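So the structure is just underneath, and the comments pick up after that.
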Amino acid sequence: MRKQLPKDFLLGGATAAYQAEGATNVDGKGAVAWDQFLADNYWFKADPASDFYHQYPMDLALCEEFGVQALRISIAWSRIFPLGKGEVNPKGVDFYHRLFTECRKRGVEPFVTLHHFDTPEALHSQGDFLNRETIDHFVDYATFCFQEFSEVTYWTTFNEIGPIGDGQYLIGKFPPGIQYNLAKLFQSHHNMMVAHARAVLQYKQAGHPGQIGVVHALPTKYPYDPSNPEDVRAAELEDIIHNKFILDATYLGHYSPGTWEGVQELLDLHGGQVEILPADFEILEAAKDLNDFLGINYYMSDWMQAYDGETAIVHNGTGQKGSSSYQIRGVGRRQAPESIPKTDWDWIIYPQGLYDQIMRVMRDYPNYKKIYITENGLGYKDELRDDTVQDGYRIDYIRQHLAVVADAIADGAQVKGYFLWSLMDVFSWSNGYDKRYGLFYVDFETQQRYPKQSAYWYQQLSKERWID
Ligand code: BGP
């Protein structure tokens, strides 16, 4: 069935500073924890990545040509404040002014994220957001950017507070590589949500005319056997860890009794505590109705079975299908029905999960104002042939997800745009360069861009707005 996207629905692309820019060590940029962590743990590094630091005029020209109306970009905090605080680096400031000017020249709306996984090393080594001083430094950095980059209309505080806690303290695939520590995970979630709320308050109190929001990754969690109460509970607990805790903080300004009960249940079992100050709730409460938009990153859903054995998580970073496993004592284990398709990295492809997640936000958080799908896309080992990639599989993936977005809009959801991850191929944090997502294939040696078939399809979509 043909479905139409509204005329004012933005079709965009997404990038992130550390995954696209390269130039990790030039023009005064400060180190980030990833620099050393990649060197110690992975077979790839973040240089030159897609060399966006130098190639951005070409990428923005491609946006214009292929109907990409908006672009998610993040500012590298350590380009502006090499030590995360203190002295400003003018070359970093200048780079982002030039980048935003180029966006305007090409008619591309920049959606700018302040933090996309890349806390400066000087602060990361002091505990990152587990250290409350980082909250203050983040708010200072945000305040500086709001004033300096007045050409930006759309601001996002954080990209994916959930996966940061998850990657840093549960799976251990992000620096500092700690595993199975749920207390640290919730503390990180909480402190980052306070930092978000303080930045929003700052933005609104200063009277800036643009819009501000936060981007959450929201994987939908289903019970493997819906008639089994233990599987139902496993799905609920997984949902609290990844989604509900941060959504409550964003839109309720507190943790609902059900959420808090789940957190307590998990802390009783796994040990540790979460420190929450009464003033934190005043801040969350004051900011909860001021979010102009919610960004949803959606890639996958999960099915959960009850599980009481030892915690063991294996991350599939190489694209060897079936090599991952995830089981947490007292939470559950991931076990999807056989019939549901997965990528080579074991990410479950389930567009319905995006629809269900949007509806859940509408139902449980009616004070949300509007939603952008700020990331969605398919990681694949693309092959370049005759200067293009025949990525019908990606077109299919995007089409299916946009179709449920159109359904959600028809059912009353305020969804205003979709940003494909990623604009061009970039590097993937814990999977390297073989996992490609872009509309444009990047030869990482020559930095040449090649439009994939999906780019031509997206161009057409941007003109016609029909999904077949
Ligand atoms: C999101 C991140 C992106 C991007 C994407 C794809 O979680 O916001 O930065 O990396 O996922 O994930 P991956 O690179 O692990 O395949």
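Glycine is treated like the rest: Cβ placed from N, Cα and C.
The feature D-galactose 6-phosphate binding site is assigned by TrEMBL to GLN19, HIS116, ASN159, GLU160, ASN297, SER428, TRP429, LYS435, TYR437. Among the features that TrEMBL reports, active site, proton donor is placed at GLU160. According to TrEMBL, the feature active site, nucleophile maps to GLU375.
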Nearest recorded site to the residue listed as 'active site, proton donor' by CA-CA distance, among recorded positions GLN19, ASN297, GLU375, TRP429, TYR437:
ASN297
Does DSSP give GLN19 (D-galactose 6-phosphate binding site) helix, strand or coil?
helix
Measure from the Cβ of ASN159 (D-galactose 6-phosphate binding site) and count the other Cβ atoms within 10 Å, all protein chains considered.
25
Considering each pair of residues in GLN19, HIS116, ASN159, GLU160, ASN297, SER428, TRP429, LYS435, TYR437, all listed as binding D-galactose 6-phosphate, report the largest CA to CA distance in Å, no decimals.
20
Drop a 10 Å sphere on every Cβ of the binding-site residues TRP429, TYR437 and tell me which sphere holds the fewest other Cβ atoms.
TRP429
So if I measure Cβ to Cβ from GLU375 (active site, nucleophile) and keep only same-chain residues at least 6 apart in sequence, which ones fall under 8 Å?
ALA14, ARG72, VAL215, ALA217, GLY295, ASN297, TYR298, TYR299, PHE419, TRP421
